[in-house]
Structures are given as structure tokens and as C-alpha cells.
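> Okay, handing you the structure first.
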Amino acid sequence: KMDQRAWKNPYADYDGNPASVQELFDSQGKLTAEFAGRLSNAISQLLMHMENGLKSADPRDCTGYTGWAGIALLYLHLHGVFGEPSFLQKALDYVGHSLTCPTRRRDVTFLCGDAGPLAVAAVVYHRVQRAQESDECLSRLLQLHQSVVMGSGASGLPDELLYGRMGYLYALTFINQQFGHDKIPIQYIQQICEAVLISGEAQSQRFRCQDQSPLMYEWYQEQYVGPAHGLAGIYYFLMQPGYVAGDERVHRLVRPSVDHVCRLRFPTGNYPPCIGDNRDLLVHWCHGAPGIIYMLLQAYKVFGVGQYLEEALQCGEVVWHRGLLKKGYGLCHGAAGNAYAFLALYKLTHDPKHLYRACMFADWCMNYGKHGCRTPDTPFSLFEGMAGTIYFLADLLQPLKSKFPAFEV
Ligand SMILES: [Zn+2]
């Protein structure tokens, strides 16, 4: 039966012979000058196209997900990869604009709230040595902290990545990654994880599922599974070393909850978007195997159980066969976001198969717009559109350093 949502993958799979990939990368995973040049050319072409398209983008959307902070984050990344001063200038221009239009509901997250513009601005100002403005952004970012760690009942704040506590926690993680040390003390991150654990235990009791899953989370009355709104994203952060104070609760609460997600797996190796939804349709970062894989790989790293790696490798097979989406080339639900699953597998295993697969998805992305995919609502944005595709192509230039933006630690 033909998949309604993905194109048939036209590429031959890795044949197991390292010689067959020598036009792409060497045995250390270093890209050949020829393939790196192709990527760089495609990046330049797509950037011109994106800049032109952004002239008609919503001037009031400040967010990382669809707005100006996302474009600033792309340029910050390009500056990191290519070292071009003009990219840093662009990041400065776009992030300055993003700071002028806070979200209407004053959301607190990196991707869909005001923490994104503040965190990206703090880093951009730091890089251009405007220390006072950087500090100002950091202190405004930390002013949000108290409302994030407060009790779930009164504040009504969810726990997931796009609108909830983990989306604020990511902003703090981003600051510490970019500054290269614990600019923000780990206690801030631990306090957020504490609030998330308390919330998850309360919800597990409410749903009477403590025996299967000591933690549970819902967003808008659904128990989402993927990293954008759900369990796999929350557990991914709770399993980061040091994020939960003391290992005991990681073993007692997080691990059995991860196993509960594992039991939701379809026979195909894919995962449902929500608990109770048994349609095996979506293969996106936001819903399905390409997003669950990060939780599985982190569980493998932390608990050392081979089964988690087996299931992550199965996610890779699902993405290879069903990941060239008709929805397009973006990060959240597109080919570029799906390709990061291969990079995650490559970073852990160093198996050339996964890097080869990422290169083939990049080839697909470099033929942007030629496959008859749908056009997303925000066609040039970081999470739905062209900026995300460019971000991925630039990340592929340094595969071992790659990180799914606004998510991977
Ligand atoms: Zn999505």
C-alpha cells in the first residue's frame, strides 16, 4: 500500500561498502570538498530565496518557531559554521526586530514564547561584545523563571516543549551551550525539572496509570507522545546528566515512564502521536519515530540497555522508508527534520550507513521545491520552512557537531 503522506524513497540504501560513499565522506565522516561545496552552494541559493520570501512574512511574529527569532538563530548558526561576519550582522538585525514584538499571551518558551528572542539576543550581543545588552537580556530571561517553577494548578503552565516548562528549560540550556560554561547555574534547571516531576506524578495519579507510568503529561486534553508537545521530549530532558538532582528518581520515575512510551510502538517501529490514537500515519519530528529517537538514544546512554538502541535503529529504518514527506522540507514535519534522526544515530554509532542516509536526505532537500510538496503556512520560517532546511544543510557540514535546533542538548 502506498504511503499517502510520503514519497517513495528514490535513493539506493547504503550497500555496506565504504568505497561506495567515498564521493560523499571519508572513513572519519569528513565530507569531501566536492560534496561540502555542493552543500555550501545550495545554502547560498536557498538563503537568497529565503531573504526574498521573508519580505512578505508576518512582521509581528517574533518566535523561534515561525518568526524572526528563528531566522536570527539560523544566522547565528551560519556564523558558527562559516565564520562570516555578515551572518552575525544579520543575526543581530533579526534578533533586534524579534525583541520589539513579544508574544500576545507572554508565552515563556524558546520556540513559541518570549524566551527565544531573549536567549538568542543574549548570545548574539555576547558575540558582538555588547556585554551590557547581553546581560540585560539574560536578566529579563531569568525574570520568567519564578512563574515557570510555580505550581501547575494556578499558573496553568503545561510541561511540554512548545508552550510549557521544558521550552523554558531549553532556553537556559541554550545559554549554557553557547557561553560554554554554566552561565546559568544548574540549580535553575534542576528547579524546573523538579516542577515537571511533581506535575508528572500528579497527572499519573489523576489518570490512574502509576503502575505503568509513574509520570504522565497532557497538553490540551491529549497525552502527546512526540517531543514537541509530549512525553518523549519531556523525558529526553529529564534524562540529561545533572538535570534531575539525584539519580534515584531518574531510575524510579523516568525510566519506567520511558518504557511505557516504548510499549506504544507499532509493529512497523513507528509511534503514535497520542496515547490511544492507533493510526500509524505520521513520521515527523513532532509526531512519530523521527522525534522519539532522541528519547531512546538518551535512555540507551543513561541506562546502558541495548533494547533502547535497537528501537532507535528501528526508528532510523522508518525514517529512511517513510521520511521524505509530502509536507515539505522543514524541521518540524519535513525531510530536513527527519534527516536529523540519521545524524543522531551517526553521532552515537559512527556507522557510515546513517551519515550516508543523512546525505541522501540532504540531496533531496537541495532539490527544494522540485517534488511537488505542499507549501507550508510560513514557507521561509525555521520550523516549517526554508530556514530550517538551510539550518540542516549547514549542520551536515559538521555531522558530529550537529544538533536538532531548539531541542537537542
Ligand atoms: Zn510538526
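Backbone N, Cα and C atoms are what each Cβ position is placed from, and that goes for glycine too.
Whatever TrEMBL says is automated annotation, not expert-curated.
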> May I ask you to find which of CYS262, CYS274, CYS286 TrEMBL records for the Zn(2+) site already listed with CYS332, HIS333?
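Candidate listed by TrEMBL for the same site: CYS286.
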> At a 10 A cut-off on CB-CB distances, which of the binding-site residues CYS286, CYS332 has the highest count?
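Most Cβ neighbours within 10 Å: CYS332.
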> What count of other C-beta atoms do you get within 10 angstroms of the C-beta of HIS333 (Zn(2+) binding site), across all chains shown?
24
> Could you say whether, by DSSP, CYS286 (Zn(2+) binding site) belongs to a helix, a strand or a coil region?
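SS state of CYS286 (Zn(2+) binding site) = coil.
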